[in-house]
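Have a look at the structure below, then the notes.
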Amino acid sequence: MEPTNDAETLETQGEVTTAIWPSSQILKTTIDIPGTLSHDGRYIQYNLFGHIFELPAKYKPPIRPIGRGACGIVCSAVDSETNEKVAIKKITQVFDNTIEAKRTLREIKLLRHFDHENIVAIRDVILPPQRDSFEDVYIVNELMEFDLYRTLKSDQELTKDHGMYFMYQILRGLKYIHSANVLHRDLKPSNLLLSTQCDLKICDFGLARATPESNLMTEYVVTRWYRAPELLLGSSDYTAAIDVWSVGCIFMEIMNREPLFPGKDQVNQLRLLLELIGTPSEEELGSLSEYAKRYIRQLPTLPRQSFTEKFPNVPPLAIDLVEKMLTFDPKQRISVKEALAHPYLSSFHDITDEPECSEPFNFDLDEHPFSEEQFRELIYCEALAFNPETSND
């Protein structure tokens, strides 16, 4: 799977360091952080702007902060056993609430289950020095140089071929995810990691859930700007079509270098998308609740805008695909497999090189009300699976 000859690589500009994890602030430094030995020299503590990273000795300098988000600091390091540069995400105070603990455990299990070129690879879950009392979890992933959010905010030139190749890779990864009966539920530019060679990988599966057979579909999902209309209208039995809507929004943001629907709140978000795709017909209201139908009916009727006229810089075939993705009725929305086979992506599409997951992911952990101690033990066992020769009992 290679980009076309016209798809230029992303430039590496000097010492610029870009967050490789969803982040609210980029940290740039070329200063080596000194370490302090702990636990009889088995671990080394690094102070990254007031955040203590306690890493096994195999993770060698340079230890550098590369991003900061709600979960804390992300740093880069070198795995001395493989000589690979890695990204280490520290999730702090994981067991303060069961939602965060479950989200962390779910993400670890999903990343272990997945094996795909367009999904970020997990390398390690660092074994805590103390089995029964650790509060922080460190997840180690392959290091990617950029994320799409920061790339779109930068001066980096992106061509139409970049947009096509990114769209293809997102859909290729999503096909694999959906084939495992998993919905990502939080697709957005900051959850799409990029390399200098334009390779794209999907990350952050903490909000992922099973496809509709599950009865656990009511938790908050999807950053507002990328949220499908059925979610904005309170549907709790949504399908994989919500991810397709998000991809359509992301693609148009790549092509136009600005968000497609930058809603200020839930009401404004719905207004913005209806101003573009028009007020839905009675048939399109489909399986929405009666309350949602009444709400739509009382809104001013809005005509559908011409995508071609509004976005003249976007190729006609791309417009055709996006219109099929941004369809109000999720039952009429194009599927990932159909999107991959769309003529716009014909230069990349190869069904023999678009693998599916060999078996569905088991979401059994969502059915159990685990205690803090049980979550701690389950996450420790995940770390032990990566480090079978070590046990810090």
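All residue numbers here begin at 1 and follow the chain in the order shown.
Cβ atoms are placed via backbone N, Cα and C, with glycine included.
The active site, proton acceptor feature in Swiss-Prot is assigned to Asp186. If you look up Swiss-Prot, you'll see Ile66, Gly67, Arg68, Gly69, Ala70, Cys71, Gly72, Ile73, Val74, Lys89 marked as ATP binding site, on the strength of sequence analysis. The domain 'Protein kinase' feature in Swiss-Prot is assigned to 60-345. Look at Swiss-Prot and you will find Thr218, Thr223 tagged as phosphothreonine. Residues or ranges marked as phosphotyrosine by Swiss-Prot on the basis of similarity to another entry: Tyr220.
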Report the mean pLDDT of the predicted model across the domain 'Protein kinase' (60-345), rounded to a whole number. 92
If you count CB neighbours within 10 Å, which one among the binding-site residues Ile66, Val74 has the smallest count? Ile66
Could you say which of the recorded positions Arg68, Asp186, Thr223 has its Cβ with the most other Cβ atoms inside 10 Å? Asp186
I'm trying to understand the geometry here, so how far is the Cα atom of Arg68 (ATP binding site) from the Cα atom of Asp186 (active site, proton acceptor), in Å to the nearest whole number? 18
Using Cα-Cα distances with a 10 Å cut-off, which of the recorded positions Ile66, Val74, Thr223 are near the residue listed as 'active site, proton acceptor'? Thr223
What Cα-Cα separation, expressed in whole Å, is found between Val74 (ATP binding site) and Thr223 (phosphothreonine)? 21
Length of the line joining the Cα atoms of Thr223 (phosphothreonine) and Ile66 (ATP binding site), in Å: 23
